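Here is what TrEMBL says about this protein:
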{"type": "SIGNAL", "residues": "A:1-23", "note": "signal peptide"}
{"type": "DOMAIN", "residues": "A:35-159", "note": "domain 'Beta-hexosaminidase eukaryotic type N-terminal'"}
{"type": "DISULFID", "residues": "A:C65-A:C117", "note": "disulfide bond"}
{"type": "DOMAIN", "residues": "A:181-497", "note": "domain 'Glycoside hydrolase family 20 catalytic'"}
{"type": "DISULFID", "residues": "A:C291-A:C342", "note": "disulfide bond"}
{"type": "DISULFID", "residues": "A:C515-A:C533", "note": "disulfide bond"}
There are 2 protein chains.
Amino acid sequence: MVEGSRKMVSLLFVLSLFSALSAAKLSVTPTKGVPWPMPMDYKTTGKQNTVDAASFRFTTRSVECDILLDAYVRYREAIFGRNADRFHAMRQSPKFVQMFSQEGDIGEVSVDVSKPCQGSYPSLESDESYSLSVANGQVMISAQEVWGALWGLETFVQLVYKSDTGEYVVNDTIISDKPRFAHRGLLLDTSRHFLSTRILLRNLDAMAQNKLNVFHWHIVDDQSFPYESMAFPELSNKGSYFPESQVYTPTDVAEVIEFARLRGIRVVAEFDSPGHTQSWGLGQKGFLTECYSGEKPDGSYGPADPTLNTTFPFLKQFFAEVASVFPDQYIHLGGDEVSFTCWQSNPVIKDFMQKMSYGTNYAKLEGYYMQNLLDIINSLKRGYIIWQEVIDNGAKVRPDTVVEVWKGGWEEEMEKVTKQGYKTLLASCWYLNDISYGSDWTTYYTCDPQKFNGTDAQKALVMGGELAMWGEYVDDTNVLSRLWPRASAVAERLWSPKDVNFPLVAQPRLIEQRCRMIRRGIPAEPVTGPGTCPVEYREP
Amino acid sequence: MVEGSRKMVSLLFVLSLFSALSAAKLSVTPTKGVPWPMPMDYKTTGKQNTVDAASFRFTTRSVECDILLDAYVRYREAIFGRNADRFHAMRQSPKFVQMFSQEGDIGEVSVDVSKPCQGSYPSLESDESYSLSVANGQVMISAQEVWGALWGLETFVQLVYKSDTGEYVVNDTIISDKPRFAHRGLLLDTSRHFLSTRILLRNLDAMAQNKLNVFHWHIVDDQSFPYESMAFPELSNKGSYFPESQVYTPTDVAEVIEFARLRGIRVVAEFDSPGHTQSWGLGQKGFLTECYSGEKPDGSYGPADPTLNTTFPFLKQFFAEVASVFPDQYIHLGGDEVSFTCWQSNPVIKDFMQKMSYGTNYAKLEGYYMQNLLDIINSLKRGYIIWQEVIDNGAKVRPDTVVEVWKGGWEEEMEKVTKQGYKTLLASCWYLNDISYGSDWTTYYTCDPQKFNGTDAQKALVMGGELAMWGEYVDDTNVLSRLWPRASAVAERLWSPKDVNFPLVAQPRLIEQRCRMIRRGIPAEPVTGPGTCPVEYREP
């Protein structure tokens with residue numbers, strides 16, 4: 001086996017890229033069987049092994065667990081297509097075996113996981129490392145935890161490609177891999193437009209194909225409240241666009257969480273307050289601040305009203321339900337973009353400000369609200385993620401709070417937040433809802449969340465980042481194609497080593513990744529200019 | 001019937017728009033049963049008529065023709081959904097009739113067409129006018145030609161909406177309608193990325209829903225040659241991305257043309273030359289100019305070589321086939337963006353330039369090429385559309401040539417082209433492949449193709465315009481959602497009266513149109529900000 005380091009492989013990519021830029025078809029030649037995101041350590045040779053479709057199976061030497069068994073079915077399909085199961089059954093028939101004159105080199109992928117995993121959930125502390133070897137006709141994946149094994153399976157599937165003669169082949173390869181960041185998130189906003197559960201699940205599949213591991217579900221906002229609460233059903237009855245069809249029932253939510261768990265993906269729900277809560281007010285009377293015009297309420301509402309004695313009992317009951325529905329250790333509490341205008345107009349709020357000696361500093365009132373909410377979440381024994389304003393406004397938060405930075409000037413903010421000792425996530429440079437003509441993935445690809453002034457200890461507080469797809473201009477019609485493969489650029493930034501960051505080198509591999517996603521049912525749009533995929537997208 | 005003029009209706013829209021902007025759901029309330037594009041003359045009242053789904057049928061008092069019969073099936077489905085036919089059959093059953101206690105006011109739409117239409121094709125001279133009345137429980141559509149009747153049917157279907165109690169209803173309405181421009185085109189580029197025939201057909205459906213009437217099929221270009229020629233099969237065998245799967249066979253092309261014809265849509269094929277022809281060179285050796293580096297060919301190729309004695313015989317045979325395959329009176333010949341660098345390097349070309357006394361003016365060589373090509377098309381008795389450069393470079397063209405303006409500074413160009421007496425089309429302000437964040441449809445909506453300095457006679461030479469979706473960044477995964485309903489903005493500009501041009505007034509109607517398209521199977525994306533549709537998009 002000729003051992004080429006990752007960097008040597010990269011150099012080869014660049015060379016093959018330039019040679020491929022012939023005048024004829026004017027398009028970049030994609031790689032074949034090279035994974036995305038790039039593993040930490042990846043050695044491969046040109047020695048091809050055929051994969052024996054007839055006998056192919058995954059085997060687990062050690063523990064059995066539901067997550068692995070589900071993954072085996074899924075990944076056999078990912079290699080051989082939708083009819084994989086039927087195909088697999090057929091191989092039992094002696095007639096069929098006769099038909100297959102050629103025996104493949106590889107008929108088995110052996111998976112070794114050290115820790116038991118039946119029924120477990122991924123977390124910020126998951127060990128996602130794995131090793132993978134394809135050598136001497138044997139494939140072995142080993143990992144401490146099932147989460148690493150899942151990523152190893154994903155990588156293996158990506159190593160398999162079709163040879164020029166149409167056979168499934170995989171090159172001799174040795175991989176030792178783990179993510180650079182533990183939190184690799186994708187935010188979907190299901191309030192500004194509703195997204196059907198069907199689309200959420202397909203997106204989780206796409207996330208797994210790119211080793212993203214946190215679905216940040218910005219589930220409600222000003223525009224609508226599609227979360228069906230068991231304790232407060234009026235929230236979605238009144239606050240959703242259509243309570244009959246555009247809500248997430250408890251069953252829907254459970255399905256999303258289970259589908260994600262089986263793919264090693266955490267579901268972090270965000271219930272943003274005290275701002276961004278207009279839709280809450282429709283089903284929860286007295287929750288929002290009444291805005292005044294002069295002496296009288298003008299009929300409009302502002303942020304949550306922290307002065308009423310009903311506010312925090314409601315929040316306590318509501319978030320107790322949230323904590324029981326969403327198993328993740330973290331809840332995202334929002335806390336962004338609170339407008340003070342309405343609070344300033346309301347006489348009761350003004351009295352309260354005086355009583356609390358806040359003067360005219362409404363950031364203190366916001367801090368008061370957040371502090372009470374954080375105490376509630378503390379009492380529920382959950383951690384929280386918050387948008388940067390909560391810290392900017394000086395609320396006292398738990399030391400293990402994760403602060404998500406989303407505004408411009410993020411380098412200074414990350415420096416500040418980590419100096420205060422908080423864990424942090426970067427979102428600022430990955431607002432994928434913002435679109436422009438051409439290959440914008442390169443700007444996402446080259447944004448590094450540790451590129452700010454700070455000590456190593458500060459850098460170590462960067463848990464990772466999240467790409468955001470805010471919902472103003474996306475719904476079921478376009479959200480998947482707008483996300484993918486642009487989100488793949490962020491996924492590689494958050495998984496792969498820091499120095500895997502040349503767009504020109506990544507491009508042939510990104511093209512392969514896009515075509516792979518298309519073959520696996522995701523409408524990943526073309527982002528690198530003219531070209532094609534061998535298999536075209538078809539609606540499922 | 002209270003008669004409200006179009007302008008009064010518009011004013012009502014504005015008022016309802018503002019009242020709908022409540023703080024609660026923060027979204028604009030869509031119209032109900034108001035057509036897009038806005039008819040020339042549209043009077044309606046609040047008097048609702050129920051539509052009797054059980055007995056509903058279209059009847060033709062005068063001529064029978066294939067186009068109408070096909071449309072009746074399609075439009076019944078457009079009103080009542082996919083199960084319309086089954087539903088229609090069920091109504092024969094007496095038991096079913098009993099079940100329907102409520103009899104609708106409207107059970108019949110009577111269609112009157114003056115001229116025979118069996119087997120006919122739409123053209124630039126088609127009479128697309130129609131009148132439509134819904135009054136006293138009767139619906140009548142009348143038109144001189146079937147093309148007008150088709151648009152009348154489309155309008156009627158758009159008038160039908162679901163009442164608050166879930167019934168199909170239509171308001172009393174009187175419409176007299178015809179398009180402002182005869183040529184309302186949409187360009188798709190199937191070379192930079194392949195688009196499957198399935199997607200082309202769905203797009204034709206979407207075009208019909210917006211009364212666009214020309215599919216400008218930019219079928220080949222530098223990057224690939226997916227048109228399967230019967231006379232020159234090597235063009236697609238060598239020049240397509242995948243000759244097995246990513247080509248348009250004669251059957252595919254015929255299917256597209258027939259599908260379009262039945263919807264009143266012309267198919268104008270563009271075979272762009274002498275530039276944009278790299279892919280031709282793969283299957284037609286000797287067609288392209290060999291580029292030289294010093295004394296020797298450097299292995300790359302430039303535009304078509306006008307000096308070889310094989311070039312024009314090949315083009316003559318090729319375009320004779322094109323003329324036999326595409327029935328439209330017009331062929332688009334391209335002629336844009338010819339780079340002279342390669343011609344300048346080639347010694348044979350240089351000799352030819354000298355022989356022809358062209359000096360170093362390569363625009364004259366381009367003119368020579370185009371002139372020869374235009375003569376070929378003349379001999380085939382076809383008209384042609386050309387990109388503006390052909391005129392800019394001074395080629396002599398037929399007086400009925402249509403010049404398509406696509407560059408910036410289009411106002412000056414349109415002035416110049418029409419001063420020379422040519423018919424013209426505007427594309428410059430409708431490059432929908434170019435994207436940006438937010439509601440960019442308003443810029444397409446407010447671009448008026450007659451807004452240039454010129455006499456009335458010059459303005460009358462504006463045949464209309466075309467929106468373009470160049471293929472660098474779109475394929476089957478995203479082309480429909482990127483087109484619609486942004487293309488609807490152009491469609492209304494080209495159909496409706498000049499003064500129907502306020503985006504704020506159009507917006508509630510555009511939202512209804514988007515939701516209507518979604519219900520009818522087109523993934524029209526959200527373009528007006530947060531909101532929802534009662535029926536969500538589902539992949540077909």
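Including glycine, each Cβ sits where the backbone N, Cα and C put it.
TrEMBL annotations: computationally assigned, not manually curated.
Since the structure is predicted, the reported quantities are computational estimates derived from the model, not experimental observations.
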Residue from A:C291, A:C342, A:C515, A:C533 whose C-alpha is spatially nearest that of A:C65 (disulfide bond), among the disulfide-bonded residues: A:C515
Segment-level pLDDT (mean, integer) for the domain 'Beta-hexosaminidase eukaryotic type N-terminal' (A:35-159): 86
Packing count at A:C533 (disulfide bond) (other Cβ atoms within 10 Å of its Cβ): 25
Inter-residue C-alpha distance, A:C117 (disulfide bond) and A:C515 (disulfide bond) (nearest angstrom): 32
Pairwise Cα distance for A:C533 (disulfide bond)/A:C342 (disulfide bond) [Å, integer]: 53
Count of other CB atoms lying within 10 Å of the CB belonging to A:C342 (disulfide bond): 22
Secondary structure content, the domain 'Beta-hexosaminidase eukaryotic type N-terminal' (A:35-159) (per DSSP, counts of residues): 42 helix, 34 strand, 49 coil
Same chain, 6+ residues apart, C-beta under 8 Å of the C-beta of A:C291 (disulfide bond), given in sequence order: A:P297, A:D298, A:S300, A:Y301, A:G302, A:T341, A:C342, A:S345, A:N346
Cβ neighbour count within 10 Å of A:C515 (disulfide bond): 21
